[in-house]
Amino acid sequence: MGLIFFRYDRCYMLSVLSYLHVYFGPFRLLQSYAVLMGIALYAGFFFTYGVLPSAYRFLPQDRGRAFAPCAQEAAGKPTGAGVIFVSVFVLLVYLLMRPSFVHALILLLTWGVMLTGYLDDCAQVCWGEYRKGALDFLFAVLTAALLGHFYFHDQVFWWFPFFSDPVFVSPFLFFAGSVVILWMSINATNCTDGVDGLSGALVLMALLSMGTIFYFLLGNVRAAQYLLVPFVVDGAQWALMSFALAGALMGYVWRNAHPSTVLMGDAGSRALGFFIGVLVLISGNPFLLLMTSGVILVNGGTGLLKVVLLRFFHVRILSRVRFPLHDHMRENWHWSTAQVLLRFMILQGLLTIGLLGVLFKLR
(Lines of atoms letter the chains of each structure in order from A and count residues from 1; the text may use other names and numbers.)
(Lines give C-alpha, C1' and ligand atoms only; values in the text may rest on other atoms or scores of the structure.)
Protein backbone atom coordinates (compact mmCIF):
# COMPACT_ATOMS: atom_id res chain seq x y z
CA MET A 1 0.00 0.00 0.00
CA GLY A 2 1.62 3.23 -1.13
CA LEU A 3 1.44 6.69 0.32
CA ILE A 4 -0.59 8.20 -2.51
CA PHE A 5 -2.51 5.44 -4.26
CA PHE A 6 -4.72 2.99 -2.39
CA ARG A 7 -6.23 -0.13 -3.86
CA TYR A 8 -9.98 0.23 -4.24
CA ASP A 9 -11.03 -3.21 -3.00
CA ARG A 10 -14.75 -2.73 -2.45
CA CYS A 11 -15.61 -1.47 -5.91
CA TYR A 12 -18.96 -0.03 -6.87
CA MET A 13 -20.52 1.71 -9.85
CA LEU A 14 -17.70 3.81 -11.31
CA SER A 15 -14.99 1.38 -10.29
CA VAL A 16 -16.64 -1.37 -12.36
CA LEU A 17 -15.19 0.50 -15.33
CA SER A 18 -11.72 -0.14 -13.93
CA TYR A 19 -11.96 -3.74 -15.15
CA LEU A 20 -12.00 -2.41 -18.71
CA HIS A 21 -8.38 -1.28 -18.34
CA VAL A 22 -7.34 -4.21 -20.54
CA TYR A 23 -9.08 -2.36 -23.38
CA PHE A 24 -8.37 1.20 -22.26
CA GLY A 25 -5.49 1.59 -19.82
CA PRO A 26 -6.58 4.81 -18.05
CA PHE A 27 -9.63 2.99 -16.62
CA ARG A 28 -7.31 1.42 -14.05
CA LEU A 29 -7.08 4.82 -12.37
CA LEU A 30 -10.60 4.20 -11.05
CA GLN A 31 -9.04 1.67 -8.67
CA SER A 32 -7.32 4.56 -6.88
CA TYR A 33 -8.88 6.42 -4.00
CA ALA A 34 -6.92 9.52 -5.00
CA VAL A 35 -8.68 9.58 -8.37
CA LEU A 36 -12.08 8.86 -6.84
CA MET A 37 -11.57 11.66 -4.30
CA GLY A 38 -10.86 14.03 -7.16
CA ILE A 39 -13.96 12.85 -9.00
CA ALA A 40 -16.02 13.32 -5.83
CA LEU A 41 -14.71 16.86 -5.33
CA TYR A 42 -15.33 18.07 -8.87
CA ALA A 43 -18.60 16.19 -9.39
CA GLY A 44 -19.95 17.55 -6.11
CA PHE A 45 -19.04 21.10 -7.06
CA PHE A 46 -20.41 21.12 -10.60
CA PHE A 47 -23.59 19.22 -9.74
CA THR A 48 -24.48 21.46 -6.79
CA TYR A 49 -23.46 24.58 -8.72
CA GLY A 50 -25.71 23.60 -11.61
CA VAL A 51 -28.73 22.28 -9.72
CA LEU A 52 -28.99 24.83 -6.92
CA PRO A 53 -30.37 27.84 -8.87
CA SER A 54 -33.22 25.78 -10.31
CA ALA A 55 -34.21 24.77 -6.77
CA TYR A 56 -34.55 28.32 -5.44
CA ARG A 57 -38.28 28.51 -6.09
CA PHE A 58 -38.88 25.32 -4.10
CA LEU A 59 -36.88 26.39 -1.04
CA PRO A 60 -38.38 28.26 1.94
CA GLN A 61 -37.61 31.93 2.42
CA ASP A 62 -35.42 33.17 5.24
CA ARG A 63 -37.34 34.85 8.08
CA GLY A 64 -34.41 36.98 9.26
CA ARG A 65 -32.83 36.43 12.66
CA ALA A 66 -34.28 38.45 15.49
CA PHE A 67 -31.88 40.96 17.04
CA ALA A 68 -29.19 40.08 14.49
CA PRO A 69 -27.27 42.83 12.70
CA CYS A 70 -28.07 43.13 8.99
CA ALA A 71 -30.86 40.56 9.34
CA GLN A 72 -32.81 42.43 6.69
CA GLU A 73 -30.15 41.46 4.13
CA ALA A 74 -31.00 37.78 4.54
CA ALA A 75 -34.76 38.07 4.96
CA GLY A 76 -36.65 36.81 1.94
CA LYS A 77 -33.75 34.90 0.37
CA PRO A 78 -34.20 31.20 -0.38
CA THR A 79 -32.83 29.16 2.49
CA GLY A 80 -32.48 25.50 3.41
CA ALA A 81 -30.00 24.84 0.58
CA GLY A 82 -28.46 22.17 2.79
CA VAL A 83 -31.17 19.82 1.56
CA ILE A 84 -29.56 20.05 -1.89
CA PHE A 85 -25.85 19.76 -1.19
CA VAL A 86 -26.20 17.19 1.61
CA SER A 87 -28.33 15.01 -0.68
CA VAL A 88 -25.74 15.41 -3.45
CA PHE A 89 -23.08 14.32 -0.96
CA VAL A 90 -24.97 11.17 0.02
CA LEU A 91 -25.63 10.22 -3.61
CA LEU A 92 -21.97 10.74 -4.55
CA VAL A 93 -20.76 8.50 -1.75
CA TYR A 94 -23.06 5.69 -2.88
CA LEU A 95 -21.93 6.22 -6.47
CA LEU A 96 -18.20 6.10 -5.75
CA MET A 97 -17.92 3.50 -2.98
CA ARG A 98 -19.84 0.74 -1.30
CA PRO A 99 -20.38 2.06 2.23
CA SER A 100 -19.92 -0.27 5.15
CA PHE A 101 -22.65 -0.60 7.75
CA VAL A 102 -21.13 2.21 9.83
CA HIS A 103 -20.63 4.46 6.80
CA ALA A 104 -24.25 3.93 5.81
CA LEU A 105 -25.41 4.75 9.34
CA ILE A 106 -23.40 7.99 9.36
CA LEU A 107 -24.80 8.97 5.97
CA LEU A 108 -28.32 8.28 7.23
CA LEU A 109 -27.76 10.23 10.45
CA THR A 110 -26.19 13.15 8.56
CA TRP A 111 -29.21 13.27 6.28
CA GLY A 112 -31.48 13.01 9.32
CA VAL A 113 -29.80 15.97 11.03
CA MET A 114 -30.18 17.88 7.77
CA LEU A 115 -33.88 16.97 7.61
CA THR A 116 -34.62 18.30 11.10
CA GLY A 117 -32.89 21.55 10.17
CA TYR A 118 -34.81 21.75 6.91
CA LEU A 119 -38.14 21.27 8.68
CA ASP A 120 -37.20 24.16 10.96
CA ASP A 121 -36.32 26.26 7.90
CA CYS A 122 -39.74 25.48 6.42
CA ALA A 123 -41.73 26.10 9.60
CA GLN A 124 -43.85 29.23 9.74
CA VAL A 125 -42.72 29.78 13.34
CA CYS A 126 -39.08 29.10 14.14
CA TRP A 127 -38.58 26.08 16.39
CA GLY A 128 -37.65 26.88 19.98
CA GLU A 129 -34.09 26.60 21.26
CA TYR A 130 -34.93 23.75 23.63
CA ARG A 131 -36.61 21.72 20.90
CA LYS A 132 -33.67 22.08 18.53
CA GLY A 133 -31.18 21.46 21.33
CA ALA A 134 -33.01 18.29 22.36
CA LEU A 135 -32.98 16.97 18.78
CA ASP A 136 -29.27 17.71 18.47
CA PHE A 137 -28.69 15.92 21.77
CA LEU A 138 -30.71 12.91 20.57
CA PHE A 139 -28.65 12.61 17.39
CA ALA A 140 -25.43 13.03 19.38
CA VAL A 141 -26.41 10.29 21.85
CA LEU A 142 -27.46 7.91 19.08
CA THR A 143 -24.30 8.50 17.07
CA ALA A 144 -21.98 8.13 20.07
CA ALA A 145 -23.60 4.83 21.01
CA LEU A 146 -23.49 3.46 17.46
CA LEU A 147 -19.85 4.44 16.89
CA GLY A 148 -18.74 3.08 20.24
CA HIS A 149 -20.36 -0.31 19.69
CA PHE A 150 -20.31 -0.94 15.93
CA TYR A 151 -17.17 0.93 14.86
CA PHE A 152 -14.83 0.77 17.86
CA HIS A 153 -16.41 -2.38 19.35
CA ASP A 154 -16.20 -0.86 22.84
CA GLN A 155 -12.37 -0.74 22.59
CA VAL A 156 -11.59 2.94 22.12
CA PHE A 157 -8.07 4.38 22.14
CA TRP A 158 -7.40 8.10 21.85
CA TRP A 159 -4.01 9.58 20.98
CA PHE A 160 -2.72 12.85 22.33
CA PRO A 161 0.32 15.11 21.89
CA PHE A 162 3.21 14.43 24.29
CA PHE A 163 2.10 10.77 24.62
CA SER A 164 3.78 8.21 22.36
CA ASP A 165 1.22 5.47 23.06
CA PRO A 166 -2.56 5.63 22.57
CA VAL A 167 -4.60 5.95 25.74
CA PHE A 168 -7.47 3.56 26.45
CA VAL A 169 -10.78 5.35 26.92
CA SER A 170 -13.58 3.66 28.83
CA PRO A 171 -16.86 3.24 26.92
CA PHE A 172 -18.63 5.63 29.29
CA LEU A 173 -16.01 8.34 28.88
CA PHE A 174 -16.04 7.91 25.11
CA PHE A 175 -19.82 8.13 25.07
CA ALA A 176 -19.95 11.27 27.22
CA GLY A 177 -17.11 12.98 25.37
CA SER A 178 -18.57 12.11 21.98
CA VAL A 179 -21.96 13.56 22.88
CA VAL A 180 -20.33 16.83 23.95
CA ILE A 181 -18.17 17.01 20.81
CA LEU A 182 -21.07 16.32 18.46
CA TRP A 183 -23.49 18.68 20.19
CA MET A 184 -20.94 21.49 20.31
CA SER A 185 -19.90 20.98 16.70
CA ILE A 186 -23.51 21.06 15.48
CA ASN A 187 -24.49 24.19 17.38
CA ALA A 188 -21.24 26.14 16.97
CA THR A 189 -21.41 25.62 13.21
CA ASN A 190 -25.03 26.70 13.20
CA CYS A 191 -24.21 29.88 15.13
CA THR A 192 -21.43 30.72 12.67
CA ASP A 193 -23.87 30.77 9.77
CA GLY A 194 -24.62 34.50 9.89
CA VAL A 195 -22.27 36.08 7.35
CA ASP A 196 -22.31 35.35 3.62
CA GLY A 197 -19.84 32.57 2.92
CA LEU A 198 -18.42 32.40 6.46
CA SER A 199 -19.75 29.11 7.78
CA GLY A 200 -19.41 27.40 4.41
CA ALA A 201 -15.82 28.56 3.89
CA LEU A 202 -14.68 27.57 7.40
CA VAL A 203 -16.32 24.15 7.19
CA LEU A 204 -14.82 23.70 3.72
CA MET A 205 -11.36 24.26 5.21
CA ALA A 206 -12.16 21.72 7.93
CA LEU A 207 -13.37 19.09 5.45
CA LEU A 208 -10.33 19.44 3.21
CA SER A 209 -8.03 19.29 6.25
CA MET A 210 -9.70 16.19 7.66
CA GLY A 211 -9.82 14.49 4.27
CA THR A 212 -6.11 15.10 3.78
CA ILE A 213 -5.29 13.84 7.28
CA PHE A 214 -7.32 10.66 6.81
CA TYR A 215 -5.81 9.92 3.41
CA PHE A 216 -2.14 10.78 3.88
CA LEU A 217 -1.62 10.24 7.63
CA LEU A 218 -4.19 8.18 9.54
CA GLY A 219 -5.16 6.00 6.57
CA ASN A 220 -1.61 5.12 5.55
CA VAL A 221 0.19 2.38 7.45
CA ARG A 222 3.71 3.74 7.05
CA ALA A 223 2.78 7.32 7.87
CA ALA A 224 0.77 6.23 10.92
CA GLN A 225 3.64 4.09 12.20
CA TYR A 226 6.14 6.90 11.70
CA LEU A 227 3.94 9.45 13.50
CA LEU A 228 3.02 6.97 16.28
CA VAL A 229 -0.70 7.38 15.66
CA PRO A 230 -3.27 4.58 15.28
CA PHE A 231 -3.83 3.37 11.73
CA VAL A 232 -7.41 3.90 10.53
CA VAL A 233 -8.15 0.95 8.24
CA ASP A 234 -10.91 2.73 6.33
CA GLY A 235 -9.17 6.11 6.42
CA ALA A 236 -9.24 6.45 2.63
CA GLN A 237 -13.00 5.93 2.62
CA TRP A 238 -13.51 8.66 5.23
CA ALA A 239 -11.26 10.86 3.11
CA LEU A 240 -13.41 10.21 0.05
CA MET A 241 -16.55 11.10 2.03
CA SER A 242 -14.88 14.30 3.25
CA PHE A 243 -13.95 15.35 -0.27
CA ALA A 244 -17.41 14.48 -1.59
CA LEU A 245 -19.04 16.78 0.97
CA ALA A 246 -16.37 19.43 0.35
CA GLY A 247 -17.14 19.42 -3.36
CA ALA A 248 -20.88 19.71 -2.82
CA LEU A 249 -20.31 22.48 -0.30
CA MET A 250 -18.11 24.36 -2.78
CA GLY A 251 -21.02 24.51 -5.20
CA TYR A 252 -23.13 26.11 -2.50
CA VAL A 253 -20.42 28.54 -1.31
CA TRP A 254 -20.08 29.80 -4.89
CA ARG A 255 -23.73 30.87 -4.75
CA ASN A 256 -23.46 32.07 -1.15
CA ALA A 257 -20.59 34.50 -1.81
CA HIS A 258 -21.45 38.08 -0.83
CA PRO A 259 -23.93 39.31 -1.89
CA SER A 260 -25.48 35.87 -1.58
CA THR A 261 -28.40 34.54 -3.58
CA VAL A 262 -29.14 31.56 -1.30
CA LEU A 263 -28.57 30.46 2.31
CA MET A 264 -27.82 26.99 3.66
CA GLY A 265 -30.17 27.37 6.63
CA ASP A 266 -30.23 24.98 9.57
CA ALA A 267 -30.48 22.18 7.01
CA GLY A 268 -26.90 22.84 5.97
CA SER A 269 -25.17 24.17 9.07
CA ARG A 270 -26.36 21.45 11.44
CA ALA A 271 -25.53 18.61 9.05
CA LEU A 272 -22.07 20.05 8.38
CA GLY A 273 -21.32 20.44 12.08
CA PHE A 274 -22.51 16.90 12.73
CA PHE A 275 -20.31 15.37 10.05
CA ILE A 276 -17.23 17.31 11.19
CA GLY A 277 -17.84 15.99 14.71
CA VAL A 278 -18.07 12.43 13.40
CA LEU A 279 -14.76 12.77 11.53
CA VAL A 280 -13.08 14.01 14.70
CA LEU A 281 -14.38 11.01 16.67
CA ILE A 282 -13.24 8.56 13.99
CA SER A 283 -9.76 10.12 14.01
CA GLY A 284 -9.26 9.19 17.65
CA ASN A 285 -8.08 12.64 18.73
CA PRO A 286 -10.75 15.05 20.07
CA PHE A 287 -8.27 17.94 19.78
CA LEU A 288 -8.59 17.74 16.00
CA LEU A 289 -11.85 19.64 16.48
CA LEU A 290 -9.77 22.61 17.64
CA MET A 291 -7.38 22.20 14.73
CA THR A 292 -10.06 22.08 12.04
CA SER A 293 -12.85 24.14 13.60
CA GLY A 294 -11.19 26.32 16.23
CA VAL A 295 -12.53 29.58 14.81
CA ILE A 296 -16.01 28.08 14.55
CA LEU A 297 -15.85 27.03 18.21
CA VAL A 298 -14.67 30.45 19.37
CA ASN A 299 -17.13 32.28 17.15
CA GLY A 300 -20.23 30.26 17.99
CA GLY A 301 -19.32 27.95 20.85
CA THR A 302 -18.28 30.72 23.23
CA GLY A 303 -21.68 32.30 22.79
CA LEU A 304 -23.35 29.00 23.66
CA LEU A 305 -21.23 28.78 26.82
CA LYS A 306 -22.19 32.33 27.73
CA VAL A 307 -25.90 31.56 27.35
CA VAL A 308 -25.70 28.30 29.32
CA LEU A 309 -23.84 29.92 32.22
CA LEU A 310 -26.27 32.83 32.37
CA ARG A 311 -29.48 30.87 31.93
CA PHE A 312 -28.80 27.88 34.16
CA PHE A 313 -26.17 29.10 36.64
CA HIS A 314 -26.82 32.87 36.61
CA VAL A 315 -23.14 33.50 35.90
CA ARG A 316 -22.43 36.42 33.60
CA ILE A 317 -19.25 36.41 31.47
CA LEU A 318 -18.08 38.54 28.55
CA SER A 319 -21.05 40.86 29.02
CA ARG A 320 -19.58 43.47 26.68
CA VAL A 321 -18.95 41.04 23.84
CA ARG A 322 -21.67 40.28 21.32
CA PHE A 323 -22.00 36.69 20.15
CA PRO A 324 -21.67 35.11 17.68
CA LEU A 325 -18.34 36.87 17.52
CA HIS A 326 -18.77 37.84 13.86
CA ASP A 327 -21.66 40.11 14.93
CA HIS A 328 -19.36 41.83 17.43
CA MET A 329 -16.76 42.39 14.72
CA ARG A 330 -19.27 43.94 12.36
CA GLU A 331 -21.14 46.07 14.88
CA ASN A 332 -18.43 47.08 17.35
CA TRP A 333 -15.26 46.89 15.28
CA HIS A 334 -17.00 47.91 12.04
CA TRP A 335 -15.57 45.10 9.94
CA SER A 336 -17.15 44.61 6.54
CA THR A 337 -18.52 41.23 5.46
CA ALA A 338 -15.44 40.62 3.32
CA GLN A 339 -13.12 41.51 6.21
CA VAL A 340 -14.90 39.11 8.57
CA LEU A 341 -14.70 36.30 6.04
CA LEU A 342 -11.06 36.74 5.03
CA ARG A 343 -9.72 37.42 8.52
CA PHE A 344 -11.55 34.49 10.07
CA MET A 345 -10.23 32.24 7.28
CA ILE A 346 -6.68 33.49 7.87
CA LEU A 347 -7.01 32.81 11.60
CA GLN A 348 -8.32 29.31 10.92
CA GLY A 349 -5.48 28.63 8.48
CA LEU A 350 -2.88 29.70 11.04
CA LEU A 351 -4.58 27.60 13.72
CA THR A 352 -4.75 24.52 11.48
CA ILE A 353 -1.08 24.68 10.48
CA GLY A 354 0.11 25.33 14.03
CA LEU A 355 -1.94 22.60 15.69
CA LEU A 356 -1.14 20.13 12.91
CA GLY A 357 2.50 20.26 13.94
CA VAL A 358 1.71 20.08 17.65
CA LEU A 359 -0.72 17.15 17.42
CA PHE A 360 1.25 14.98 15.00
CA LYS A 361 4.91 15.76 15.75
CA LEU A 362 5.06 16.36 19.51
CA ARG A 363 4.64 12.72 20.42
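Keep in mind that glycine also has a Cβ here, set from the backbone N, Cα and C atoms.
Quick look at what Swiss-Prot lists:
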- 33-53: transmembrane segment (TRANSMEM)
- 82-102: transmembrane segment (TRANSMEM)
- 105-125: transmembrane segment (TRANSMEM)
- 133-153: transmembrane segment (TRANSMEM)
- 166-186: transmembrane segment (TRANSMEM)
- 198-218: transmembrane segment (TRANSMEM)
- 227-247: transmembrane segment (TRANSMEM)
- 271-291: transmembrane segment (TRANSMEM)
- 295-315: transmembrane segment (TRANSMEM)
- 340-360: transmembrane segment (TRANSMEM)
Are the transmembrane segment (105-125) and the transmembrane segment (198-218) close enough to be called in contact, which here means at least 3 C-beta pairs under 8 A that are separated by 6 or more residues?
no
Against which stretches of its own chain does the transmembrane segment (227-247) lie, if we need a Cβ under 8 Å and a gap of at least six residues from its ends?
6, 33, 36-38, 40-45, 48, 85-86, 89, 92-93, 96-97, 99-100, 103, 157, 159, 164-166, 204, 207-208, 210-212, 214-215, 217-221, 272, 275, 279, 282-285, 360-361, 363
For the transmembrane segment (166-186), the candidate among 33-53, 133-153, 198-218, 271-291 having the most Cβ pairs under 8 Å is 133-153
Across 82-102, 133-153, 340-360, the most C-beta pairs under 8 Å with the transmembrane segment (198-218) come from 340-360
Give residue numbers and ranges for long-range contacts of the transmembrane segment (82-102): same chain, 6 or more residues beyond its ends, CB-CB under 8 A.
8, 10-15, 36, 39-40, 43-44, 47-48, 51-52, 55, 59, 110-111, 114-115, 117-118, 146-147, 150-151, 234, 237, 240-241, 244-245, 247-249, 251-252, 264-272
